[in-house]
Every structure is written in structure tokens, then in C-alpha cells.
Amino acid sequence: MNNKRIEEIDFIKCVLILLMVTFHLVYIGNTYPLAKSFVYTFHMPCFLVLSGYLFNQHKPPRAFGKSMFWLAVPYLLMESGYILMASFLPIREHIDNLTPGTFADLLLLHPIGPYWYLHTLILCSTVYFALSRWPRIGLTALFVLAGVLLYALSQCHLVVFSNALYFLLGAFLRKRETAFSSFFLPSPWLFLPFAIACLSFSETADKTAVSAIAVYCALCTLPVVYKFLMKCGKGRISRGANFIGRHTLLVFLFSPIFTILAKSYQPQLVGLDPSGMLFLLVSLAFAVTGSLLIGILLDRLRLSRFIFGKRQMIG
């Protein structure tokens, strides 16, 4: 398969990471709970589909181990910080009486906060890669066995099985060498079922079905938005979005710092605009810019190679 970077995927990743930051803002999540629940049905599953699709199973074992190690390092650092923070800050996932055993359990087995995604990605990637190395294993056997093993992990509460299936869907398309746009057909008509799913969503809805519809529609319609921006001469917007999309790991890792700091100016901005839209726009800019600046700082201090295994994260 052609390994040329797909700009539409960078754009999709940008939109998804902005949605993640949006609903990590407590005020926005509390003010628009249904919107938050709906977005949660598809934004991280979409990331897992993309991660599976972009996963290179043909790496030598040494290169694969190295890539997993450099996912594990930032995960361990940031999840450790989040657990410690949750032990003394009054957040939703507050931990009373944090013990070494509880710390180890949350860090290695049952992560809390946003960093569960990296934990899931490492487990799914490892299972899939290990099975794909078996000589002469067929396509069907590979994905059936991967599904069975990931289901077993879900029964141990190490992964959510539906999330693992989204990763496997992306990996399956990659294995079949299916072009992204051949399966996720860009079509403006799919805005309609997406809008219907959004407007009719309720807390009692079948979230599995809604998730499947929303994931497919989102991955089909966002490339349409990207092409529309390009045709309308909004190249700056699309280039800026693609830049963020290429650096979603930095925003994913460091944006929680800024969503917590956003509480310090929330009363002033919400006082001006109770809808929270002003607060949201300022906080998105704050979180994304701050996260990228941390990446630049780590590059300048030559610390990126110790955290990410790369000399430069911003490029």
C-alpha cells in the first residue's frame, strides 16, 4: 500500500482532537451533556479506526518493540501524573487513599482519565502484531484469533471490546490494502444520517448502533469538509488543521493540563457569555497552542528523544 501521507486523515484527526479537548472542559460537558454523550460515541472510536489503518504490521519485531516502547513512555509519565493529581484534586475521578497497589493497578491495568486510549492502542497493536507474525496465518484466522484474544482481555477489564473492534476494522482495511476513501466513501449525503443520529440521540439510545453509524458517517463526511475548504480557497484553514492533525499526540498528552487551568478564567468568560462558546473558543486556542509550545520546548531542550524517541516532535 502507498505510504504517502493522506491529508484528509490529518484533517480528520484535527477535528477529533478538538472534539476531545472540547468535552474535557467540565463547563462545556455539564452544559451540553447530550452533545458530550453523542460525541463520545464516535470520536475516540474514529481515532482507533485510524490507528488500526495506519498501523504497519510489516515492521521487524525490533522496530515494533521500539515503537511500542515510545508509546509506553509518555503513557506512563502522563498517566502517573494524572493518577497523582486525581488523589488530591476534587475532579470527577478523585481517588481517596491512594496506595502503591492502587497506583500500580491504575497505571498498568485499569487506567483512568484520557490516557486509556494509549493503553488500549498498545494492547491492540501488540496482540495484532504478534498474531500477524505467525507463518502462513490466513486473513480470517488472523482477525478471528485477534478478536478472541481481545475479547478475553475485555473480560479482564483491560480493554473495551467495542474499542478493540474499531482498531481491528482499521487494521483489516490496511491488511486488505483497501484505500481509505474506497471504504469510507466521501459523500455529502451522509451528513443526513449523521445529523439524524445527532438530533435523535438520547441517553437511552442504543449506543452501539449510534456509534457504528456516527463513526462511519464522520469518517465519510469530514473528507468532504476538507475538500470543500480547499475548493473555497481556505487553504490556510486546512493547512493549519493538518498541522494540528500531524501533532495530535502532543495535544492528546498535554491538553488536560490546560483544560484544568481553564477553570481559572472560566467565571469571567462565562459571565460574558453563559452559552460557553466564548469560553470554548478561548480554551481550545489555549490548550492547542499550549500543547504545541510544550512540544517545541521539549525539542529545544532536547528532551523529546527521551520521551518520544524522536529528536523533534514539531516538524
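Note: Cβ is positioned from N, Cα and C throughout, glycine not excepted.
TrEMBL annotations: computationally assigned, not manually curated.
Taken from TrEMBL, the feature domain 'Acyltransferase 3' covers 7-294. Under the heading transmembrane segment, TrEMBL lists 12-32, 38-56, 68-92, 112-130, 137-153, 208-226, 247-265, 277-298.
Ranked by Cβ pairs under 8 Å to the transmembrane segment (68-92), the stretches 38-56, 112-130, 137-153, 247-265, 277-298 are led by 112-130. By the count of Cβ pairs under 8 Å, the stretch nearest in packing to the transmembrane segment (12-32) among 38-56, 112-130, 247-265, 277-298 is 247-265. Remote same-chain residues near the transmembrane segment (247-265) are listed as 13-14, 16-17, 20-21, 24-26, 74, 78, 82, 85, 89, 113-115, 117, 279, 282-283, 286-288, 290-292, 294-295, 308, 313-314 (criterion: CB distance under 8 Å, separation of at least six residues from the stretch ends). By the Cβ criterion (distance under 8 Å, sequence gap of 6 or more), the transmembrane segment (38-56) is not counted as touching the transmembrane segment (277-298), fewer than 3 such pairs being found. Using a Cβ-Cβ cut-off under 8 Å and counting only residues 6 or more beyond its ends in the same chain, the transmembrane segment (208-226) has close neighbours at 7-8, 11-12, 15, 38, 41-43, 45-46, 49, 162, 166, 181, 184-188, 190-191, 193-194, 197-198, 201, 238, 241.
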